Structures are given as C-alpha cells and as structure tokens.
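Trainee: Features from Swiss-Prot:
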COMPBIAS  344-353  compositional bias 'Acidic residues'
DOMAIN    131-332  domain 'TLC'
CARBOHYD  19  N-linked glycosylation site
MOD_RES   341  phosphoserine
MOD_RES   346  phosphothreonine
MOD_RES   348  phosphoserine
MOD_RES   349  phosphoserine
REGION    67-128  region 'Homeobox-like'
MOTIF     291-300  motif 'Last loop motif'
TOPO_DOM  1-40  topological domain 'Lumenal'
TOPO_DOM  325-380  topological domain 'Cytoplasmic'
TRANSMEM  41-61  transmembrane segment
TRANSMEM  140-160  transmembrane segment
TRANSMEM  181-201  transmembrane segment
TRANSMEM  209-229  transmembrane segment
TRANSMEM  264-284  transmembrane segment
TRANSMEM  304-324  transmembrane segment
C-alpha cells in the first residue's frame, strides 16, 4: 500500500512535462541536476538555525538592545487564582460583563478585581519589548544576508534580464553550487520559522503566517525537485528585497527612534508594493503561467506550482491592505499602532499606576513610542 502511494506520488506525469522522466534528470557528463533527496539536509540545518538564533539573540541582539536602552519592563503579575485561571485557559481571555459577575461570585472578588486580574494575566502573556527586538534583529540579519546572497546568485544570469530564458531547455537544466546552497539555506530558514512559530511573538495574522510559511516551504521544495530552480531563485530574491527593511523598521521602533522607523517604513511600503503587487504578478507570475505553455502542454506540476503562487499572492494583497491602511493613518496623523499589534493594556484602577510606576500617567507603550508597536508580517 505504502509503496503504491510512493510510486503514485513520484509518477512523472504529475511533476514533469509529457515524454520526460526522472531518468532525464540523472547526473551525467559532469552535469548535476536537482534531486528530492537533496532536501533532507534542510531539517538538520533548520535545527542548526535555531541553535545559531539562540546564541545570536543572547550574545548579539541582547547587548545591542542594552546599548539602545531597551530593557525588560516590570509587569504586575496576576495573583494565583484557580477559578480565574481555569476560565482564562478554557473559556477566554476577555470575559463579558455577565461572565465577570459570575466569576466575581465564584472567586469572592469584586468585579473590578476580576477585571484587573484578567488585564494583568493578559499582559503576562504578551511578549516584552526586548523579546520583540531580539526576534526582529535575528530576522533582519538573515533577510539582509539572504537578499545580498540571492542577488549575487542571479544577477549574472541571463534569465535575470530575459525571463523567457528561465524556461530555455527546461527541465534539462543543471544546477550549480550557489543555487544549491541558496535553496537549502532559504528552505532551512523557513523550516526554522515554522518550528519556532509557537514561541515567537504572536501577531493578529498568526494563521496567515502559518499559511505563508507552509506555502513557501511547499513552493521551494517543489521548485527544487521539479527543476523550477531558475524561477525559484528569482522569487526568493524578490521576497527578501523588502523583508529586511521591515525588520529594521521594527528594530528602530523598539529603540524609540521614531523618525528613523517611520522613514524606513515608508521605503519598505514602497518596495513591498512594487515587488509584491507589480513585479511578482506581472513579471514573475506571467513568466510561470504563460511561457511554459509555449514549450509543453499544461500538467499537474504546472497547476500545482502556480496555485501555490496564487496563495502567496493573496497573502501579499492582504498584507498590502494593512500596509496601505497604516500608511494612510500615518500620513493623516492618526496612526497609533501597527494594524497587527497586540497592544499592552494599562492599569486603570485607583492606586495601580502608583504601584506600577510611582504615580506616572498610563502609557500605551513601553519607551513611549506609539508608531508601529508591533511588526507588520509577512511573513511575512
């Protein structure tokens, strides 16, 4: 049974054009071709990424945060209460007024005390500014290096300037070491993002991020073993071109450098719109949808690849909407936080401000900077 499923999954008619077989992609005459087995290395590399990330955040990002005066914020903790904790974990983090009254009777606390407990308990689960900075620093470092490396891989290739050459000789296109490592490192990184997503800072578009990571992993994997490598390198470099800008904007935001953050965000928004909503659909997608049909009839792999590209494009439209809405509020002076941010709540009952900070007024954010409290995506 398993052998039958295995044979069907790797049936040439699913992944390759008509009249071609996997035998056509076997190494010969010094020419090396992509193989599905090459991807096995990405899982241990993903674990290595997690280890490198841990030490990077500990020995690079944390000292950098200290230089920028980004510190852990002391938070008032919710006192132990089994009744309220059980409701928090099983029924919801924001009880309705009727539920507050019921919990008040069950716990022996006043309604104000119940509301205060849930407010503090929610704040306990929210990531600290330092955690956000360390995560943004790690992603900024990777995306910047990946973008530079990706451009080095493709800038001297003829298909970078003439996309019809992406399909010249397809699928009998050999690979070179730079393409191999570019693919393995990118795929390993996205595996590491998927592995760490449960412990990373959670955004309001958490589900969209999971969809993005899964679709990206599927696309990179398929484009490798089906030898869509030329198109794949273009797509990966295109995506990396804006991601490092976003992460750097977040880093400056967490450091309280509002003007720098805002200026970088504007550049990021422009680059994102141009690359994701113009170049990707009208050049890259046109290249993968139209040009292959000039060489061979459509097959399952053709539809599968472009369907995954369609999923990514829908996510890009969704994130572009959030970016444009933020940009509009920024221009009109109404932007107070990122569209995806999970804003920390302030204490509002008498005496709590004094207990928390010597009677200071409630502040919506640590370090007092309201722009882009949290990060945009993608994804991202």
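Every residue gets a Cβ built from N, Cα and C, even glycine.
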Trainee: Could you tell me how many residues in the region 'Homeobox-like' (67-128) are helical, how many are strand and how many are coil under DSSP?
Mentor: 36 helix, 0 strand, 26 coil
Trainee: Going by DSSP assignments with H, G and I as helix and E and B as strand, what are the residue counts for the topological domain 'Lumenal' (1-40)?
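Mentor: Residue counts in helix, strand and coil order: 21 helix, 2 strand, 17 coil.
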Trainee: At a Cβ cut-off of 8 Å, and with pairs 6 or more apart in sequence only, do we get at least 3 pairs between the transmembrane segment (209-229) and the transmembrane segment (140-160), yes or no?
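Mentor: When sequence-distant Cβ pairs are counted, the transmembrane segment (140-160) does not touch the transmembrane segment (209-229), since fewer than 3 lie under 8 Å.
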Trainee: Tell me, what is the mean pLDDT of the domain 'TLC' (131-332)?
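Mentor: Averaging the confidence scores along the domain 'TLC' (131-332) gives 93.
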